[in-house]
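Enquirer: If you scroll down you'll find the structure; I have some questions about it.
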């Protein structure tokens, strides 16, 4: 080799050596270059950060601090003691313990301006159902410094259901009201505050109905209702009447809210109701603040002091203390969209969000369509129909195969169900999209997929916007569409600057890396390995979208997953939520899914297989997440215990009861509609001293109608129901009729102390609630006789007692630890009598 050749070789080697990137550049390229290892790192970090932030945001222990000021410490200590005393025993309206709670509260407030409300009301509480109620609400008024401001109502109910100690529902609400009362006693509020410690919310919102008839109601403009439909945890802003009042919740120290639950009420996904409904229908503006999980302990003996903490109580109470200090309320009365994240509260009128949605829905198609036309026509982006088949095909298959086999498992293991379903969905997308990519390679299939996902979000956003004010919980769709469509638009803009093959590469190259091994460089496309636009696209789309979907979806699932026990319709709804949740979790990563490395695919496969196997082997209920059964004992011609629950579980539980085995009682199980069943048996543990005597009074005929009356004697009783044949009874009275039928006005009327209700369409049921334990019920009615009878009519009377009864004590004591018990009716035992009039 000549000296010149040696010199040239040395120069080339020196040039190659000096052109090698330094360690920093190599590190950046290894992390942000479009490599499987880089994508794996990004995915793992996204999962960890998303789950971590969501856990922190929803954690009571990490986000709520106990009070530090001396006054607030004393208030919390006193209110916690109040809660312990209130929830010592179940205290339903039909129990003596209810009177004890009433007297306990009255003793606390006796030095303040209060009224032991004695309203008697009568109204139509349902179709063909009329209710008569005697109230003993406790009302307290604290006058504000500015008498021109409308008063604020604070409301909570002090009754429980007969099967529960009523700690969360609604002892914590009552204890919070007492805490606020002690606070305003030391700090005069600007506006007058009226406290309604109301009774008998559980069986018809009667305490709230009674307050609406009270003279103090006329002072009230706003309200805050405190409730509980779970057992501890954080108190969430369930719903608000309008934006003007909702935005004041941003002033509390620990805001925790989502309008997703508000939409659940509006769309009748959540079936239970609170006093909020009564106050809103009466024209007030306000909020519903409530504990919301877990529902399998709701209305059971597990709603006790052991399952809550002072920190839960303080979360509700401190927010109530802050809310009562609100200033002037905005006049805006349109529905509100609201949420919180990491303690920051966001609220906007639904119309403002609708305007944003309309702009996005129009803007992105208008901008992206011309860009796509230019790219395809002038930039030689070759697209075929098969390029667009992957996402819809995978989405359809994922919906078809995504449901886990054990339908009840979501009640106790929601995370396992979601993880299994999501893993299956990811694997379906992975297989289908790689198949499409193999059949018909695109120069930028990733961007094609982004556009397809953007279109999916666009369609959903059209539906959300068109649906209007009832869909206040779907604000996340706006965020998802914005980040996805914006990133797709950036990709299209990048393509417009791409030179036709042979030119220079653009800054946002549309090229996509092809490689064999993870560290193998593509020698045919040396510039592609330094393509970093994918990392920008990933960071714009995936972290934000994943957090929005995961946090919202998990909040919804934790709030409703226990309702899978309530009916087949609820089961279908829950699994629809799971499938949609999983789909939306996966959609943000779909554009990158073909580049998942073998370790991610293997891990997802393991999760899917293990999840499916466990769903077939694991019992769906356990002590921490029990199954709820409902109990009622009916005493009459056939003394029977009735237990209601989902099909396939009730008989096994009851067959092991001592009274069933010892008496060889026959279990009679009957399938009910919607996936439920009822099992009946003769207990032999009939409660004593429960008597109901029904006597008839002479009847008279007037204008084709027959008037009759009965007297119901039920000692130590507060609750009875009179059942009439459908559509025959046209008027009822608690007392005695003073006028003939034609003289009675339609609806409710009162005459000489008698409470009358007339409905020409027919009254099938009269509910009676009284305060005097031993006073007889006097009920009159007028009915239209059938042509083929002789004017007679059979009436059924059922009276309920809420105190513990032997048969109920037995099922609680001897049932498995994965079962909890709740009442089926207004009491645990009902005595039934029939009478012909």
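The backbone N, Cα and C atoms fix where each Cβ goes, glycine too.
Quick paste of what Swiss-Prot says about this protein:
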{"type": "ACT_SITE", "residues": "201", "note": "active site, proton acceptor"}
{"type": "BINDING", "residues": "157, 169, 227", "note": "Zn(2+) 1 binding site"}
{"type": "BINDING", "residues": "169, 202, 299", "note": "Zn(2+) 2 binding site"}
{"type": "CARBOHYD", "residues": "143", "note": "N-linked glycosylation site"}
{"type": "CARBOHYD", "residues": "561", "note": "N-linked glycosylation site"}
{"type": "CARBOHYD", "residues": "689", "note": "N-linked glycosylation site"}
{"type": "SITE", "residues": "298", "note": "site 'Transition state stabilizer'"}
{"type": "TOPO_DOM", "residues": "1-36", "note": "topological domain 'Cytoplasmic'"}
{"type": "TOPO_DOM", "residues": "58-355", "note": "topological domain 'Vacuolar'"}
{"type": "TOPO_DOM", "residues": "377-384", "note": "topological domain 'Cytoplasmic'"}
{"type": "TOPO_DOM", "residues": "406-415", "note": "topological domain 'Vacuolar'"}
{"type": "TOPO_DOM", "residues": "437-446", "note": "topological domain 'Cytoplasmic'"}
{"type": "TOPO_DOM", "residues": "468-474", "note": "topological domain 'Vacuolar'"}
{"type": "TOPO_DOM", "residues": "496-539", "note": "topological domain 'Cytoplasmic'"}
{"type": "TOPO_DOM", "residues": "561-572", "note": "topological domain 'Vacuolar'"}
{"type": "TOPO_DOM", "residues": "594-598", "note": "topological domain 'Cytoplasmic'"}
{"type": "TOPO_DOM", "residues": "620-837", "note": "topological domain 'Vacuolar'"}
{"type": "TRANSMEM", "residues": "37-57", "note": "transmembrane segment"}
{"type": "TRANSMEM", "residues": "356-376", "note": "transmembrane segment"}
{"type": "TRANSMEM", "residues": "385-405", "note": "transmembrane segment"}
{"type": "TRANSMEM", "residues": "416-436", "note": "transmembrane segment"}
{"type": "TRANSMEM", "residues": "447-467", "note": "transmembrane segment"}
{"type": "TRANSMEM", "residues": "475-495", "note": "transmembrane segment"}
{"type": "TRANSMEM", "residues": "540-560", "note": "transmembrane segment"}
{"type": "TRANSMEM", "residues": "573-593", "note": "transmembrane segment"}
{"type": "TRANSMEM", "residues": "599-619", "note": "transmembrane segment"}
Enquirer: Sort the residues of the topological domain 'Vacuolar' (561-572) into helix, strand and coil with DSSP and give the three counts.
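Expert: Split into helix, strand and coil, the topological domain 'Vacuolar' (561-572) gives 10 helix, 0 strand, 2 coil.
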Enquirer: Please indicate, using numbers and ranges, the residues of the same chain that are 6 or more beyond the transmembrane segment (385-405) and have a C-beta under 8 Å from a C-beta there.
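Expert: Sequence-distant neighbours of the transmembrane segment (385-405): 417, 420-421, 424-425, 428-429, 432-433, 435-437, 439-440, 442, 445, 448-449, 452-453, 456, 575, 578-579, 582-583, 586, 590, 611-612, 615-616.
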Enquirer: Counting only pairs at least 6 apart in sequence, do the transmembrane segment (37-57) and the transmembrane segment (475-495) share 3+ Cβ pairs under 8 Å?
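Expert: Answer no, regions not in contact.
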Enquirer: Under a three-state reduction of DSSP output, how is residue 227 (Zn(2+) 1 binding site) classified: helix, strand, or coil?
Expert: strand
Enquirer: Here's one to test understanding: among the binding-site residues 157, 169, 202, whose C-alpha is closest in space to the C-alpha of residue 143 (N-linked glycosylation site)?
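Expert: Result: the closest of the binding-site residues to residue 143 (N-linked glycosylation site) is 157.
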Enquirer: Between the Cα atoms of residue 561 (N-linked glycosylation site) and residue 299 (Zn(2+) 2 binding site), find the distance and write it as a whole number of Å.
Expert: 16
Enquirer: Can you give me the Cα-Cα distance between residue 169 (Zn(2+) 1 binding site) and residue 202 (Zn(2+) 2 binding site) in Å, rounded to a whole number?
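Expert: About 9 Å separates the two Cα atoms.
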Enquirer: Just to confirm my parser: what is the rounded mean pLDDT across the topological domain 'Cytoplasmic' (377-384)?
Expert: 72
Enquirer: Check each residue in the chain of residue 227 (Zn(2+) 1 binding site) that is at least six apart in sequence and keep those whose C-beta is under 8 Å from its C-beta; list them in sequence order.
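Expert: Within the chain, residue 227 (Zn(2+) 1 binding site) has Cβ neighbours under 8 Å at 156, 169, 170, 173, 238, 274, 275, 276, 288, 289, 290, 291.
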Enquirer: Sequence gap of 6 or more, Cβ distance under 8 Å, 3 or more pairs: do the transmembrane segment (356-376) and the transmembrane segment (447-467) meet that?
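Expert: Contact between the transmembrane segment (447-467) and the transmembrane segment (356-376): present, because at least 3 Cβ pairs are under 8 Å.
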Enquirer: For the C-alpha pair, I'd like the distance in angstrom between residue 299 (Zn(2+) 2 binding site) and residue 201 (active site, proton acceptor), rounded off.
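Expert: It is 13 Å, counting Cα to Cα.
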Enquirer: To see if you understand the setup: which same-chain residues, six or more apart in sequence, place their Cβ under 8 Å from that of residue 157 (Zn(2+) 1 binding site)?
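Expert: Counting only residues 6 or more apart in sequence, the Cβ neighbours of residue 157 (Zn(2+) 1 binding site) under 8 Å are 170, 173, 174, 197, 198, 199, 200, 201, 202, 207, 275.
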Enquirer: Can you say which of 447-467, 573-593, 599-619 has the most Cβ pairs under 8 Å with the transmembrane segment (540-560)?
Expert: 573-593
Enquirer: Return the residue, from the listed glycosylation sites 143, 689, with the maximum count of other C-beta atoms within 10 angstroms of its C-beta.
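Expert: The residue with the densest Cβ neighbourhood is 143.
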Enquirer: If one looks at the chain holding residue 298 (site 'Transition state stabilizer'), which residues at least 6 apart in sequence have a CB under 8 angstroms from its CB?
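Expert: Counting only residues 6 or more apart in sequence, the Cβ neighbours of residue 298 (site 'Transition state stabilizer') under 8 Å are 164, 168, 169, 228, 229, 230, 231, 562.
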